[in-house]
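Single-structure report; data block below.
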């Protein structure tokens, strides 16, 4: 039985899906104006692991993660680069996909983009105005926070506490607002900005409305799980709840999940502090699986400190697991012992996806395997556990198989069947085996 720590209730709750055997998840994706750093990647990896565990236990998962391709930061970066916002966002969407693929993140069921939902966003805003939850002011449209009952329920604070703690993350206070916490649903266009026509003039969506529209358009008025980084709890997720529930009159999400930060010297990794390393740069020297494994060593809600030693340890531990998988199979293994490992792994992951405890079970099982208990069922169970963490090792070609293929190639060459000989060379090359034809015969090496 899976239990989830729900930010809304500040408690562990048994997971009960809206539809049996199906999980509908929406996870806030990146604002695509630059390469993602390790801290950004944690959210992608954490929720991918959660998705994978749901699938491990038999659920079908509809996993939606958006790309914010309309934003002040994108407009600014595009202007500086001398390209259009779409060109810039396309470039960094491609980079995000490449980086997360290297981290073993599965493709989302859908990756909606804001630019594709402008008509739906305008319709959503019109509905809020009709219900008196929003008001137009000189081409801008704001959400009326004081009309929203229990506005701060996710943050578990009063309105006055939120005002003090917003730290510049709410819209800049203007004379047009009825309340400093009122937030923009639609922003009037400035000269030269990307914009769309609307009932309030040319403009573009506010940040928060985008996720509400894409989530409800794809998954419906109520979804099972909404996730994102802990920094999104307020104002982003707070505002998503307010506007979504104002429009539909229904609970927006049944479970709210937030991942912790990656820290450097115990301080949050962020672009503003300048203490970040991009995934793109890290992948030049560190294997993506190593980064992934490092991010899995702590339970998703806890902070994780980024150090060279932590990355080195992750690399060493991955090599150990890979070597374990390559052990020769044995004829027997204690079936009850195997069952206990599987139960222990599920107990760990059922407890709010506790990857740290899950990994402990994996290493205990590896020690057992290396003591001489490695049948085909054991190997299958072990590989499935590793796959939950996105760790999948490609099967290495055995030396005996390489030698057999080389002999077959030599025979083909002797028979002047060069097409077959070349095909075998290509087959081995695709598996990382390079052939060297010398006067003393054929030598081979792993590329």
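Backbone N, Cα and C atoms are what each Cβ position is placed from, and that goes for glycine too.
Motif ''KMSKS' region' is the annotation Swiss-Prot gives to one range among 263-267, 268-272, 273-277, and that range is 268-272. Between the listed ranges 19-29, 30-40, 41-51, Swiss-Prot ties the annotation motif ''HIGH' region' to 30-40. Under DSSP, residue 236 (Zn(2+) binding site) is assigned to a helix (H, G or I) in the three-state scheme. For the motif ''HIGH' region' (30-40), DSSP puts the residue distribution at 3 helix, 2 strand, 6 coil.
Cα spacing between residue 211 (Zn(2+) binding site) and residue 271 (ATP binding site): 23 Å, rounded to the nearest whole number. With DSSP classes pooled into helix, strand and coil, the tally for the motif ''KMSKS' region' (268-272) is 0 helix, 1 strand, 4 coil.
Residue 28 (Zn(2+) binding site) sits 18 Å from residue 271 (ATP binding site), taking the CA atoms of both as reference points.
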